[in-house]
Number of protein chains: 2
Amino acid sequence: MSGPQAPEPTLEGQADASAGSPDEDAAEGIQHSHRMLSFSDALLSIIATVMILPVTHTEISPEQEFDKSVQRLLATRIAVYLMTFLIVTVAWAAHTRLFQVVGKIDDTLALLNLACMMTITFLPFTFSLMVTFPEVPLGIFLFCMCVIAIGAVQALIVLYAFHFPHLLSPQIERSAHRGLYRQRVLGIIVRGPALCLAAAGFSLFFYPASYLLMAMVIVLPHVSKAAGWCRAQLVGPREPPAHSVEVFTFDLHEPLSKERVEAFSDGVYAIVATLLILDICEDNVPDAKDVKEKFQGSLVAALGESGPHFLAYFGSFATVGLLWFAHHSLFLHIRRATQPMGLLNTLSLAFVGGLPLAYQQTSAFTKQPRDELESVRISCAIIFLASIFQFAIWTTALLQEGETLQPSARFGGREHAFMFAKLALYPCASLLAFACTCVLSSFSTAIFHAMQIAVPFAFLLLRLLVRLALAGLRALQGLVGPVLAWPAPGAADEAQSPLLPAPC
Amino acid sequence: MSGPQAPEPTLEGQADASAGSPDEDAAEGIQHSHRMLSFSDALLSIIATVMILPVTHTEISPEQEFDKSVQRLLATRIAVYLMTFLIVTVAWAAHTRLFQVVGKIDDTLALLNLACMMTITFLPFTFSLMVTFPEVPLGIFLFCMCVIAIGAVQALIVLYAFHFPHLLSPQIERSAHRGLYRQRVLGIIVRGPALCLAAAGFSLFFYPASYLLMAMVIVLPHVSKAAGWCRAQLVGPREPPAHSVEVFTFDLHEPLSKERVEAFSDGVYAIVATLLILDICEDNVPDAKDVKEKFQGSLVAALGESGPHFLAYFGSFATVGLLWFAHHSLFLHIRRATQPMGLLNTLSLAFVGGLPLAYQQTSAFTKQPRDELESVRISCAIIFLASIFQFAIWTTALLQEGETLQPSARFGGREHAFMFAKLALYPCASLLAFACTCVLSSFSTAIFHAMQIAVPFAFLLLRLLVRLALAGLRALQGLVGPVLAWPAPGAADEAQSPLLPAPC
């Protein structure tokens, strides 16, 4: 927690600088890394999310019941998906930190980054292999080799960048302790691969130890963070050695660039929205022969048969779209993302990535009324978890609101009430739908999807309602006494006045 | 072509402004649309590209030969893919232009944009339907309805934004002729849907006319552009009416925001790279039962069987990554993208989107030696087309290099020779591979993939070679006479000197 505010201006300055003076940079073959980072974010977010496809493509024949064995199969695959998501996110976070140190790229770094991406895209495969053959050393071995290869490429990137210091971020480039920085960055990068090397070794004679070591790779940053925090609480903040103050203000544990968190999240939402339409296109274009034989050539009848799928599609797309919208509104009011917020965001995204499963569940089981309520409940649970973690990001941000939030979203700020309503909408709606499945026996997937489609209008209503409520509160306060000033709603109204259209 | 340079500074200014003063904007619930646009770009690029999946998932059993009927099926699906890609790109271009007019968004506009995205994601489905049932009015009708719905939502966005002028781009907001702008923008948006409405009407009694009308939607902008250009060449540029000069300098036909072209391209490359790993994960994790029965429990043997797939994966990923790299280098030196460059970029991306097919071809047919060369040839053709269109972007840019290129990439610029070499590498390599398949009968997919993996090293060698060649030229020139100065290579060397690491 040492100096969490100090590095931020530098990082923002770096982001600003990346917009400027492209002429000079391009001339030297050196580029600010903005576009490469967006590309990497897109790639990593898609990789993290596509692993839901083996889950949704689990074949369940119509005769088969949704029994224990199917549930166990699904549970295993879901666990694989969640773990893969977390692992790729850890790789992404490491990548983010790496390119907070490396500010610019040249051709060699761009190629090294591509090599790094290629190795990361191979992670899901080796992980699937490891889960399918948990006791075979080769699976563990390949997975570890993959992690080690990623670490090696990242170490190469660091060494190369420190060899040509003009590629580093300005703060480090100007620093007198560059050597120390390099040591520290390399240490952080090599830590995970070193554990994996040990795990690969253990896989040959005692494989449970390997799993323990690999679990450590994921929890290590959080554990060391928590340990540091505990120590700070017990014995007071550690006095940094005088000569290296500058080194340790650049805390590599602390900041996740807000821009990159947004880009990664956008990628996840975009691919989730698209996986839905992919299913529609692959399964629901009726076969020309079928239409002739089954429906006497009537395309309308054939399409009518997959009507529920379209309803499910529109409902699911609306849900993904609005969760993105809530995320977008939330991050508009966030100044910087702390590590706990990053973790909550990852968890929220992991469940957003599960939405295609919810869609598949509610559209595949429409013909089995017994399981219908079950699948609606699963969908509600996924949506609830995705949205409650979004809500948790906000509440976590409120704990340190001075650092993390824009003034308008803080307690008493203009947008505070509306933000609360916006983020609470989906948790409440999904709980309501869940309750309905328990109370109403006639509740069906069709009603569920209709509810999903209705939510956008609720969003529009919400602003109206919140404004009315605030106006009511203000009127009430005016009655109680004009001494107690409530600045927020008044300011909001003043801000509204220029919104009225000027006569043109 | 009237005043193509005038609107650009405003657009750039707008992009800069979107980075600044988030505090004020967030407080009013109004946002610069940067993140929403990236999200839309990601969504649209993925939608455009995933339609390759039905092509690659065409089931061809090992016994079946790669005969005429399979070829015809594949050809149809490829045509569907290419058309969908073009249609979605047209929708994307319209979206780009729309948000060049609308500079900021509020909640309502964000929701309207999501509605627009949802309708666009439905386009591929209605298009597949139309192609599967070309003579049934319903298919055409649904497709047209989809286009009309997109137009309606976009018109709503325009009307809303003009109703609250602070949402418009600064240039239009300040303009005295805002009403004229609205008319013009609405006219452009409504044109396509109006044609589709006519097409939907025709579908009921004479469907070929519908197809003609729909084809017009795609070619109309280019035709009107070409007609304008021809007229300008014949009778000289049209004198704009004095009072509306300001209106027509904002030429909606001309600019495609370079940032959004890049974001869209990134999306396509990212999803293509990811489709490859998806196939690996779904098909190549061996079944636990198979390993026990077929391979006597040896996982190594089981994995060895799908070894060629991994080779194919690494080769294909390297190709996608390096094509992205070439694109990245190219756009680094591009200042602004004109319409012909945008069109060439679309064509290049369409073939990049075809790369999963190349991968599928070369990895699926490894067991049928007779078809092996055939599939390598198809892959070469796809790679050649994707890269030659990239090359064409550059040559087109060189035609108007003052407007479109950074100084360093122009004729005689420092990076000119290297850029040429970079962009020419893939067309040459794919031609070479194609030639090999004709000459060497022992050429195999394995060699082809090994070639693909070797290309990155060629990229690194290239810079060295180009530098050596330039140095050689300079030395030669020094011998001929010191009067003829060649500024470029000397400047390049001077630029290199600060790249040497400073002693730290």
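Cβ from N, Cα, C; glycine included.
Per TrEMBL, the feature region 'Disordered' maps to B:1-27. The feature transmembrane segment is assigned by TrEMBL to B:39-58, B:78-99, B:111-133, B:139-164, B:185-207, B:310-331, B:381-399, B:420-440, B:446-466.
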Per Cβ pairs under 8 Å, the stretch of B:39-58, B:139-164, B:310-331, B:446-466 packing most closely against the transmembrane segment (B:78-99): B:39-58
Other parts of the chain folded back onto the transmembrane segment (B:420-440), taken as Cβ under 8 Å at six or more residues beyond its ends: 319, 322-323, 326, 329-330, 373, 376-377, 380-381, 383-384, 386-388, 390-391, 394, 447-448, 451, 455, 458-459, 462, 465-466
Leading contact stretch, B:39-58, B:185-207, B:446-466 vs the transmembrane segment (B:310-331) - CB distance under 8 Å: B:446-466
Chain residues in Cβ proximity to the transmembrane segment (B:446-466) (below 8 Å; excluding those fewer than six residues from its ends, i.e. six or more beyond): 308, 311-312, 314-316, 318-319, 321-322, 325, 362, 376, 379, 417-418, 421-422, 425-426, 429, 433, 436
Distal contacts, the transmembrane segment (B:39-58) - CB-CB under 8 A, six or more residues away: 70, 73-74, 77-78, 80-81, 84-85, 88-89, 91-92, 95, 113, 117, 120-121, 123-124, 128, 260, 263-268, 271-272, 275, 279, 349, 353-354, 356-357, 359-360
